[in-house]
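What follows is a short report on a single structure.
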Amino acid sequence: MLDVNNFEYMKIGLASPEKIRSWSRGEVKKPETINYRTLRPEKEGLFCEKIFGPQKDWECHCGKYKRVRYKGVVCDRCGVEVTRAKVRRERMGHIELAAPVSHIWYFKGIPSRMGLVLDMSPRSLEEVIYFASYVVVDPGATPLEKKQLLSEKEYRSYREKYGKAFTAMMGAEAIKRLLSDIDLEKEVELLKEELQTAQGQRRNRAVKRLEVLEAFRHSGNRPEWMVLDVLPVIPPELRPMVQLDGGRFATSDLNDLYRRVINRNNRLKRLLDLGAPDIIVQNEKRMLQEAVDALIDNGRRGRPVTGPGNRPLKSLSHMLKGKQGRFRQNLLGKRVDYSGRSVIVVGPNLKMYQCGLPKEMALELFKPFVMKELVAKGLAHNIKSAKRKVERVHPEVWDVLEEVIKEHPVLLNRAPTLHRLGIQAFEPVLVEGRAIRLHPLVCTAYNADFDGDQMAVHVPLSAEAQAEARLLMLAAQNILNPKDGKPVVTPSQDMVLGSYYLTVQKEGEKGEGSIFYSISEAINAYQQGYVSLHSRIAIPARKVNKKTFTEKQRNALLITTVGKLIFNEIFPEEFPFINEPGKKNFSGTPDQYFVFEKGTNIREFIKQMPDPGALKKKDLGAIIAECFRRFGTTTTSEILDKVKQLGYSYSTKAGITMSVSDVTVPEEKSKILAEAEEKVSMVLKQYRRGLITDDERYERVISIWSQAKDQITEVLMQNMGKYNPIYMMANSGARGNVSQITQLAGMRGLMANPAGKIIEQPIRTNFREGLTVLEYFISTHGARKGLADTALRTADSGYLTRRLVDVAQDVIVREEDCGTDKGLAVSRMSEGNEVIEGLFDRIVGRTAFETVRHPETNEVIVARNELIDEEIASEIINAGIETVIIRSVLSCRTKHGVCKRCYGRNLALGTPVEIGEAVGIIAAQSIGEPGTQLTMRTFHTGGVAGDDITQGLPRIQELFEARNPKGQAIISEITGKVAEIREVKDRREIEIEGEVETKVHHVPYGSRLRVAVGDEVKAGDELTEGSIDPKELLRIKGVHGVQQYILQEVQKVYRLQGVEIDDKHVEVMIRQMMRKVRITDSGSTDLLPGSVVDIHEYEEANRKVLLTGGEPAVARPILLGITKASLETESFLSAASFQETTRVLTDAAIKGKVDRLLGLKENVIIGKLVPAGTGMARYRTLKIALVNEAQETKETSPKEKVMID
């Protein structure tokens, strides 16, 4: 038996009739399934026990041999082998067909493989196979040609004319005969000669034929195996028949399909034995062909065979295809034991690494552990009584459960799992009730809220799984977001509000200017009401116990507030004192907050001090990031818990609530509205007089109302008090924003109609005053559009993520350094004057490709192959360097993956990436997860041709699928100067003068130009507004140009929505899109001209040829969209489980493809460990021994000892 966990590769091919017979345990001769009286399988039928094995363990059909002691005996009465019943899942049968039958995949697929091999059109093949025409298989001495089609009438006349001098046949027999006549070697030679001269359509056809014939030649498959003589019958347990309650039977559709094949086959045999007339036999053969077609792929040709209620039957192909097929339903998505789900509620008193698990759920999940422990403790005599105790919930059970649960992490998952933070590990804490308690800080990662969300719990069972959960998946370890390396667990909502309230300072508060001896004294005074939280006080700096104060500062008085003292208490001594928002604090507290002079009047000093403002959400985020940088995960998670505690308690003490009186409508509103009305009527007057067009009138009206809204917003924000609760909520970043406040107290402003065009009449009122009926009605468009949009976007985004994961799933860090000789020059990314992404963000966490020196002092800032961290990046920026050459995955030379140096830092941990990290999946999740936040809108700008620029999610899809964009820009083919722009009858022509040639570009009328006469343009620059077609750009600017373009465009879309994604994730995707090249000239290699091959394969072939002094092949790079790239992957398992299952498998079988199991997906499908992390080959041989098992492992054979490098 093959060891399931230990094979190198998997091969697929065509099965010869002998092979099919060798798989089989016997021939199925009758269409019967089971006898309806005895309910036992019929002999020689589809469920026959003699062929497929016994239905009951160790029991033959007639009952002569029962019990395990007869194992392996074949009963002499009924012929059934005594064995386990589960062999019925693996034993196959076969049907000997009375006439050959063509396999529908190879004849009907696109392109038709049979057609290509025979050089016949699929139409004529169909006529022959389904008995409509004869085909000449041997012309003999007649003027007929081989493969010529003859109708019934022509056939008869030729028969009369030439007698038996020629042979013509019909049906699959004819095709089989033609296929077996083919001499592959000769055909290939002829085609290669033809390729030298052929052009256009003929050349394309020849290339396609050559590809298929070469595939047959290399794989050792014979073309005639595409026609079946023997049909395999799959094991009965895989097409079960079960009895329902009412005594009726439910059966798999396959049984019906097999029954039809057997019936028709038997009838054909009988007709042949009787010597029936040809026409009847032909009809029966055609029906047999159709029955086999339906079995293999029902509905591919003609009307599908239907069952009761006109439902098409599910054939073998349907069992594999689609979301419900074998691949995606059973092999890639498995269900697991030891899991449960429940509603989540907030657990504010949990630690970062804890979650609350309902008692009854925990008992059920840990049942076997509890049972074992009960027996071990002597509280139960045996497993059975332990089980009874647990099921009856005996009081002793709870104590044991507490013990079992200790130190045993569980995994919590919330669907949809968009990125790896959607599953995290926690230590369970038993809670009453039936809801899972979740720590409030991990909600952001899960995107969870408590309005009825549910979450699933899983128990990791093995020691390795527990170790992985504890070390890699614990919530306290996952503080940074893998997509940008920023903390994902930043305090939110109440915590932000509490911290904001705590660090606000007010002038003239109670106790302002007091000097306290120590922190405890100050807090004491606050608790007794002598001093307020927000009043500024002085305290000796040395009493604050911070190591970051300078010696001079330690001897001075620190000016701060009681609230800030309380807030700073939670940070370690090494962390700077936070006295103001922003990052200035991190390098030390500024001197302006200290009183150095003895005898200074503190109260006067305080009065002239500026108000630094309170801590907002982004400041807290920066503080957490800084903590992580300085102290690592454990301390940071403790600090986070303290911030949470403080935030909750002080937001409670603050008592910040909302009331109608807090929403004050500014008095100036009516005046602003009246002015706007006035301006609008002026515009209307101009329009009526014909001074402006309708479009201009519309534009102006819209802009007048937008300005009016902005004015009202401004006035509103000025009138709102600094301590207005609503303002504080929005300002701190706890909840809400300015535009929402405007809608509450200002005016709602302009709305769009269902078509997305802005309605001229704005909503003048706000929610405080209440909307009129018409205004309310206008508002509904937006609300409905919003909801419809969200629903569509979620599905689209999910599908995008699936395609991204599929294309990048085999990108794993495989080696230390690939030794590439190319780097990637990066500078800041900008569009016009707007910076999309600064240089700092682009180089941090990357490896320098060459040594970077300071331009003035010439000292080394960063050495070659060294990682650039935040400090080095700041130095580079401060030195005024604008371009840095870094290592990039785009130029990495590692086969089947990337190397550590080219990838750089693992953003989730802030350390260099480890070998075995599945960076492709991380990249796909990082790009796909924010996809839901992108808008679906395609923005309209007054319907100018070539100007509807797609944005948001559709734009991302357009880029990754490398489609021709909507609103395509015309780009310059050459570098030079714009000589002239002339108007021709229905278009414009732009003439560009280069150094060598002059090129005229045709521009459609109505597109907006970006250049004027005399402008300098480079090859690949846009001449008109719009999006560039990446394939054009690849042709003109080459690989580097198109990589830069896609990277910049993707970043542009995400940054516009305020989403930050690190470049390296997008680069991984672009690398996967550019892995292939198209051969233009094969030289002396075996590569076929016109075929698409992997870059590595192409380089390898050239290397071999150059060593022997031959002519290398020439190829040009191609850009594939992600769907196309996934289907072009080396692994047929991965491609087949993605899309177009039948096409991929057909192709793979003909080529005799070998899957080397390099990606994650292939290994999941066949049930091996994924080759990432500890599943990589280099770690796979290690054995893990637990402490108490160490004694047992000592006795193992010496060869199993493995050194861990």
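The backbone N, Cα and C atoms fix where each Cβ goes, and this holds for glycine too.
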*Cys818, Cys899, Cys902 bind Zn(2+) 2 according to TrEMBL; which of Cys627, Cys892 goes with them?*
Cys892
*Measure from the Cα of Asp453 (Mg(2+) binding site) to the Cα of every one of the binding-site residues Cys62, Cys75, Cys892, then give the nearest.*
Cys892
*Output the one of Asp449, Asp451, Asp453 that, of all these binding-site residues, has the highest number of other Cβ atoms within 10 Å of its Cβ.*
Asp453
*Where Cys892 (Zn(2+) 2 binding site) and Asp449 (Mg(2+) binding site) are concerned, what is their Cα separation in Å, rounded?*
42
*For the recorded Zn(2+) 1 site, whose residues are Cys60, Cys62, Cys75, Cys78, find every other residue on that chain with a C-beta no more than 8 angstroms from the centre of their C-beta atoms, and list them by sequence position.*
Glu49, His61, Gly63, Lys64, Tyr65, Asp76, Arg77, Gly79, Val80
_Counting across all protein chains present, how many other Cβ atoms fall within 10 Å of the Cβ of Cys818 (Zn(2+) 2 binding site)?_
18
*Residue among the binding-site residues Cys75, Cys899, Cys902 whose Cβ has the most other Cβ atoms within 10 Å*: Cys902
*Among the binding-site residues listed here (Cys818, Cys899, Cys902), which has the Cα closest to the Cα of Cys78 (Zn(2+) 1 binding site)?*
Cys899
_Given a 10 Å Cβ-Cβ cut-off, pick out the one of the binding-site residues Cys78, Cys892 that has the most other Cβ atoms nearby._
Cys892
_Rank aside, I only need the closest one: which of the binding-site residues Cys60, Cys75, Asp451 has its C-alpha nearest to that of Cys818 (Zn(2+) 2 binding site)?_
Asp451
*Quick one: which residues besides Cys818, Cys892, Cys899, Cys902 have a Cβ within 8 Å of the Zn(2+) 2 site's Cβ centroid, in sequence order?*
Glu815, Asp817, Thr820, Arg887, Val889, Ser891, Arg893, Thr894, Val898, Lys900, Arg901, Tyr903
*asked:* Need the DSSP three-state call for Asp449 (Mg(2+) binding site) to compare against my parser.
replied: coil
_Candidate binding-site residues Cys60, Cys62, Cys75, Asp451, pick with smallest Cα gap to Cys902 (Zn(2+) 2 binding site)_ = Asp451
